[in-house]
Amino acid sequence: MVKETKLYEVLNVDVTASQAELKKAYRKLALKYHPDKNPNAGDKFKEISRAYEILADEEKRATYDRFGEEGLQGGGADGGMSADDLFASFFGGGMFGGGMPRGPRKGKDLVHTIKVTLEDLYRGKTTKLALQKKVICPKCSGRGGKEGSVKSCASCNGSGVKFITRAMGPMIQRMQMTCPDCNGAGETIRDEDRCKECDGAKVISQRKILTVHVEKGMHNGQKIVFKEEGEQAPGIIPGDVIFVIDQKEHPRFKRSGDHLFYEAHVDLLTALAGGQIVVEHLDDRWLTIPIIPGECIRPNELKVLPGQGMLSQRHHQPGNLYIRFHVDFPEPNFATPEQLALLEKALPPRKIESAPKNAHTEECVLATVDPTEKVRIDNNVDPTTATSMDEDEDEEGGHPGVQCAQQ
């Protein structure tokens, strides 16, 4: 007597149904409720497929008959093939014109990084890289042995796995393990029939040289793909070999998209009276850039050299080179009073600021900020709090105070 009949009811069969009757019932219901034919019956189709997968397996059926669905918990009943895979294996695929039979699966991609400089990305670069990979054995054509010598493993019926059932209290646990007779290969070859080149492994290791072209204008993180140059194995499509560009940080230029950014320092005289800056570009050119007298370059001002950026892979025009100017002021007391008087005549008149009439005024003197305090302020640390903490540390530090004498 069975504990539960739900799965039998799903297939509309008796609990004593034979495998042929189960198969016939599943075929009829699967065709009726397949989502390609009946789009609103997806859940029903999955329920039918699950019921058939369990009852078609003698071990699972015996466990279900004895303990019900509770006995299948942890036993892999829900870890089998999907409803679509079960349907495809049963009918061969291509039903209802909806799906084509599945082709061979694709192997794993091999991903490597290729380190480049910004100069490489500006000028382009070609490099050769050696790759060690598995390829189909040319001597046995991937069979692993003499033709006709490879047999399906009788112990696991060619699946490469075996199932063991354990009783754990009132529960039955069904576990999967690699078949020890074929080491998971699903096939066996007699030692005398093994291929001498690959020793039955079907593949051998081979060194391959790939020529990698880093095109002008490529970006950090961009991928260079070699289709199906990955490792080979019988029955699969080789994966791709993918090189990911890893750009080293540049000491002079920053890149954003197709644009370059450069930080230029000019002295105050050049900023006011004109002069010239020189920029070493990424292709060994030196750009001479005049600063027009009276142009008055301001601190942190941004200028642009159109078309001097990176070559664009998407547009015909290259990007721009943006130059951020930093004006370096002279040291204190750099000029005599007479020179300052001449400077005052040359510059626009100073703006005179004054307090409101009859306001209380107090004259103050500017002082230089302590370098340590400046760092704290730049890092948004309250200098008052920081100073207080330093004083506390000094008090706790190794300067003993007055101690009481023991009586």
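Glycine residues also receive a Cβ, built from the backbone N, Cα and C atoms like all the rest.
Look at Swiss-Prot and you will find 6-68 tagged as domain 'J'. Positions annotated as substrate binding site by Swiss-Prot, on the basis of similarity to another entry: L110, L129, A130, L131, I209, L210, V241, I242, F243. Look at Swiss-Prot and you will find 137-144, 153-160, 179-186, 195-202 tagged as repeat 'CXXCXGXG motif'. Swiss-Prot lists C153, C156, C179, C182 with the feature Zn(2+) 2 binding site. If you look up Swiss-Prot, you'll see 375-407 marked as region 'Disordered'. Per Swiss-Prot, the feature cysteine methyl ester maps to C404.
The helix, strand and coil residue counts that DSSP assigns across the repeat 'CXXCXGXG motif' (195-202) are 0 helix, 0 strand, 8 coil. All protein chains included, C179 (Zn(2+) 2 binding site) registers 19 other Cβ atoms within 10 Å of its own Cβ. The Cβ of V241 (substrate binding site) lies under 8 Å from the Cβ of D109, L110, H112, L131, L210, V225, F226, E229, G230, each of which sits 6+ residues away along the same chain.
Annotation: stretch 195-202 has the most Cβ pairs under 8 Å to the repeat 'CXXCXGXG motif' (137-144), among 153-160, 179-186, 195-202.
Taking the Cα atom of each, C179 (Zn(2+) 2 binding site) and I209 (substrate binding site) are about 37 angstrom apart. When Cα-Cα distances from A130 (substrate binding site) are compared across the binding-site residues C153, C156, C182, the shortest belongs to C182.
Counting every protein chain shown, 8 other Cβ atoms lie within 10 Å of the Cβ of I209 (substrate binding site). Close to C153 (Zn(2+) 2 binding site) in the fold, though at least 6 residues off in sequence, lie G160, C179, D181, C182, A185, G186, E187, T188, each with a CB less than 8 Å from its CB. Just so you know, of the binding-site residues L110, A130, C156, C182, the Cβ with the fewest other Cβ atoms around it within 10 Å is the one at A130. Across the structure, F243 (substrate binding site) and C156 (Zn(2+) 2 binding site) place their CA atoms 40 angstrom apart.
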